[in-house]
Structure formats: structure tokens, C-alpha cells
Amino acid sequence: MAPWPELENSQPTSEKYTVKADGEQSAKPEKAKETEKDDTGTPITKIELVPSHSTATLIEEPTEVEDPWDLPELKDTGLKWSERDTKGKILCVFQGIGKFILLLVFLYFFVCSLDVLSSAFQLVGGKVAGKFFNNNSIMSNPLAGMVIGVLVTVLVQSSSTSTSIVVSMVASSLLPVHAAIPIIMGANIGTSITNTIVALMQAGDRKEFRRAFAGATVHDFFNWLSVLVLLPLEAATGYLERLTNLVVESFHFKNGEEAPELLKVITDPFTKLIIQLDKSILNQIAMNDESVQNKSMIKIWCKTFTNVTERNVTVPSPENCTSPSLCWTDGLYTWTIKNVTYKENIAKCQHIFVNFNLSDAIVGTILLITSLLILCTCLILIVKLLGSVLRGQVAAVIKKTINTDFPYPFSWVTGYLAILVGAGMTFIVQSSSVFTSAMTPLIGIGVISIQRAYPLTLGANIGTTTTAILAALASPGSTLKSSLQIALCHFFFNISGIILWYPIPFTRLPIRLAKGLGNISSKYRWFAIVYLIVFFLLIPLAVFGLSLIGWPVLVGVASPIVLVILLVVVLKILQSFCPGSLPQKLRSWDFLPFWMRSLEPWDKLITSLTSCFQMRCCCCCRVCCRLCCGLCGCSKCCRCTKCSEDLEEGKDEPVKSPEAFNNLAMDKEAQDGVTKSEVDASGTKIVSSVTAL
């Protein structure tokens, strides 16, 4: 006897089952239900299993766990090209052209806002950054030099500016090359903050923010890990200084033409109408020139005339005269004739703040707020446009072109080709920050994967050094060697980092670390801001402050912290790969208090502290809020608290049940006491978790 006797003749036939027009199912056999009695006399109802009901019981569908790092499928929700008439096709073409033009316009203003943002940071903190270079005793400490490079680049938002200051100091013999190399390493770290700030603008959607923040911080982790390995190696061996000195001495470089300006030819006409800076003041402050301490960095006169003329001047004694024939005495004064150089102002600059008598800090604050607003607006609009354009076949082609590897056995070549593409694109835009910041929204919406963004970012690091090398070759003969050696140190530092963290897949730690940080930041979005403040401000400032006190104090404070970090890393590795070698208590982090091993208590604390700033709005305000959100297309999570609560109230999770459950036998069974499942308008079964299981 079969374990399921009802299934022996369970083939569906047209004679046994009919479906009426009104959707009810009726069984033709006379005894679909048989009532029996047990020993106690209680009636038992036997229900004959319908085939669709029985298959649901016997077949288990495998559940697939969704990988959050898989690229989303960008489906085309509009009409297909074949379904459009002639008028619709023409409108579609013009609409595509219009979107492409708008995309270029928003991208142009996005790049210009980055340039203005850099100028704003220089006005606000440029003089403070220049003073970091005054203390030569601190600069001799490699660790302090590295954090000075980070702080200066964060404050001026330009690694080119901080590098040019270092080159000027090396050329003036105020700073040796071996002390300048850690500053270059720190500048490489500081320049990666820009695209991390850009990634914060996509915090509205958790999935997009996970990808965007991971794609941005992969640059951070590469630079930090490279410095962690190469800075002690350079301090112990000086290999970068020796290698670059050998290259410079072996090849007889001559002064060349200035580095070509490609993107700046387009952006400078607009940004120079907003603000123009005299960046030579930063170099003079770094060289401890007291005459420019109170001088404004805002350029007032763009056209000047330098004239050399002979004038009668007084000198202390006849020995100071230019020649005996040009020396005479008039009473108590000795006079002579000397060549005097004076500068005559001819034409003022044409920018907004040229006639405003405002301090650098006020102008910098105004530009900082304005440029951040423009940056956020342009980024949001770029993401919306890309989201509407990159759909269907277009998205599939672009994603396949960017993320697909070459066929075996040449698949390994794809990553190195991506490095070359990243270097070439960065050479064109002449800024690694611009290239990586423009790539961040593409990572967020799922066009570029993290695995492909990593080599593109490494190429951007190489591309920005080639621009510096060309700029160094355009230097005058007195500074050619020093500036070229610094630029080559930057180049070989990035090459060494690529050798460490790219060729072998196992060593691509920046990808895994960035994914981990992306998972944490998408769940606790405030942690992204904490990461920026801690790694780019607090840690460098703490190291710099301890360096001011002295090297022994820095070692005494840092050693226990480094030891604890190493113990945590080793314990985490042992827990993951060989937990059997650990005591039972150390196989997990449960022995620690909950607030030390989880961010959930901190999240509750921060949520409670910030709840007073969340907007509570009335019914009328909710209508306005939803109208504004509908116009700008922003995500639901950026709406006010009351609107979000209204949207989440009574929200039932739609679970697509297997087809076997979506049958009329279940409805028949529901009439006998089982809760009937509700079906929404789209045909999706809205069921509870118990019913689905």
C-alpha cells in the first residue's frame, strides 16, 4: 500500500475536475468527501487531495540567497521600440538627445563645483595648512610627515597643491627628499576623501549607498594599506629615494613645454568667473615668509606690469654704494643710484568677489556651502538621468562591455587593461578626484561592479602622477631635478602599491575591506560620517599633536593601540579559519559587552539623540512634502518622520507564493476554517509567513 493512497490515481482528467466560469472548482465524483467515525464516535472528514495541492506538499523549491553585491537588472519599463509609432520614435530620439545634452551639462557643473570646492577649502584652511610645513623638527619624523600630507590635502582638497608646496620646499633646500616622500604618501591618502564625500550623496537608497560607498572607499583602503607597508620600508631602506635619484641621474632631462591642459580649458572660463586665487602665497607661507601672513589669497589684479628703473636711494655708508662715482653725501645721508623693481597694477580680475572687502574665511565659507549644494544637486540629477537612460538593452550592453572579462586564458589581461583605461581617463581630466567622483554614481546604480572599479581606481592613481611628471618637466632648470624626483617618487609609490595589492586575487584586500565597510554603512548610515571624521581628521590630528610633544610620547601612546589592533586581527583570523585551536570562550566575541561588539546600541543612542531634529508635520505639510518629493523624485527615506510612518503603517510584505498554492483547492479548503489568502491587484499573493511555509 502506498504511503499516500490518494495519489495512486491522481492523474487529472477532464471528467473528474471542471472549473466554472465564476472561478469556483467543483469535483464530479460523487464521494469527494467521506465521513467516518473513530472509536469514540467522533466524525472524521476525509478530503481527497487535489493534484495541485499534493504537488505543493511534495516539491520543495530551492530558496536562493540574494547577494547584495550582484549588479541589479536595470529593466526597461517603457514601450519597446517596435511598439512605438513614427511620432513616438521621433520623440524618443529627441528625448534621448536631450537627456544626453543634460547629462553633459550636469557633469560639467559637477566638475566645476569640485574645482570651486577645492578653492573654498584653500581659502578656509590654506594658511593653516601652509603653517604645517614650518616646523622642520616635526617634518623629520616620517609618521608625522605622512599625517601632515593627509591633513594638508584634506584642507586644500587638492593633492596637486600640496605636492607643489613640497616641490617648492625641496627646490629651496628647506626640505630634503627623504623627508618629502612621507608627505607625498599622505597626500595620496588625502585626495581619496573627495569621492567618499560624493558617495554620501547616495545615502537615500541603502542598496545604492552600499555599492557607492564601497566603490569610493576601495581607493581609501588601497592608499592606507600601501602606506602601512611602504612607509616603514622607505624609512628603513630609502628605496624610493634611491630609485628615483638613479632615474633622474641616468637620464638627462631638459626643460620641456608646460603640461597640456585638456579639461581645464573647458572649466577654467567658468570657475575663474567665480573665484581666482593667488596660490603662490601658500608656498611663501610654507617657506616661513612673514611678509605674506596677512595677505589675502583672493587675486585682485590679474594684469600687472613690472618695471625696473634707476632711483636715488639712501644707504648706511659709502661702502654700500653701487660705485664710487655714483655715491655722494648730503648732510647726514649717503646717497647712491640703484635699480629698483616695482609692480604696477593695470587691470583687475573678473570674478564675483573682486570688489568685495571680505576676509578669506568668509568668502571660503560662502563658496564651500554653495559648491556643496551645487555638487549634491548635480549628483542627484546625474544619478536620475543615468537611471532613466541606462535601462534595458543599453544597460545590458554597457554592463557587459565594462564588467566582462576576456575569454580564457586571457581573462587576467582585463584588469590591467582597466588600469590603463583609468590612467588614460585621469590624464585627460587631469585629476584623479574628478575621475573617481564621476565613477562613484555609476557604481551606485549598478553599472560598474566593485571588482571592475578597483583596477580603474588604481589606474587613476597612476594617471594623476603622469600629469605631475609632465608638470615637473616644465619646471625651470633650478627646480627641475627636485620636482621631477618628487613626481617620480609619487609614481613609483603607486606602482609598488599595485604590485602589493592587485596581481594575486588573494591579495586584493581593499575590495573585501570596502565591501565590509559598505555593508556596515548601509545598515548604519551614520557610521560613514564617523569613518570620514576618524580616519581623515581625528587620527591624523592625534598623531600630529603627539608628534609635537615628542617622539617618545608618540611611541608610548601608539604602541598599546597598535598591539590591541593586531590582537583583534589575529583573533578574528583564527576564529574564521581554525576556531578549534582557540578556547571555547574565545571562539566568538560573546565574552565582550554588547556595546563593544555591536553597533546596535550606538545606533539606538544616535537615533534617540537625533530624534529631536526630525520633523513632525501636520496633514497639510504632509501633502506638500509628498508633492515636493514627487517632483524631485527623491527616495522615501528622505521624507519627514510623519510621512515615513504613514507610508510604513499597515505595510504588508508581498511574498510570491509558488504556483501550487495559487489554486482553487486552497480557496475551497479556506472555506472549511483555514484563513483565506488575499490576492492583490497585480496577482501577487499576500500571505503571512506561516501560510507561505
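Just so it is clear, glycine is given a Cβ too, placed from its N, Cα and C backbone atoms.
Note that the structure is a prediction, hence the values are computed from the model and not measured.
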Per Swiss-Prot, the range holding transmembrane segment, considering 136-156, 619-639: 136-156
Site from Asn307, Asn312 that Swiss-Prot describes as N-linked glycosylation site, others unannotated there: Asn307
Listed as N-linked glycosylation site by Swiss-Prot, one of Asn294, Asn320: Asn320
Membrane-side pairing of Ile450 with Leu548, Swiss-Prot annotation: yes
Neighbour count (Cβ, 10 Å) for Cys302 (disulfide bond): 15
Intrachain residues whose Cβ lies under 8 Å of the topological domain 'Extracellular' (111-135), provided they are six or more past its termini: 148, 151-152, 155-158, 161-162, 165-166, 169, 175, 194, 263, 267, 270-271, 274-275, 277, 279, 281-283, 285-286, 288, 293, 297-298, 360-361, 363-365, 367-368, 370-372, 374-375, 378, 429, 431, 433-434, 437-438, 544, 548
Composition by DSSP (helix, strand, coil) of residues within the topological domain 'Extracellular' (430-485): 44 helix, 0 strand, 12 coil
Average pLDDT across the topological domain 'Extracellular' (547-550), rounded to a whole number: 79
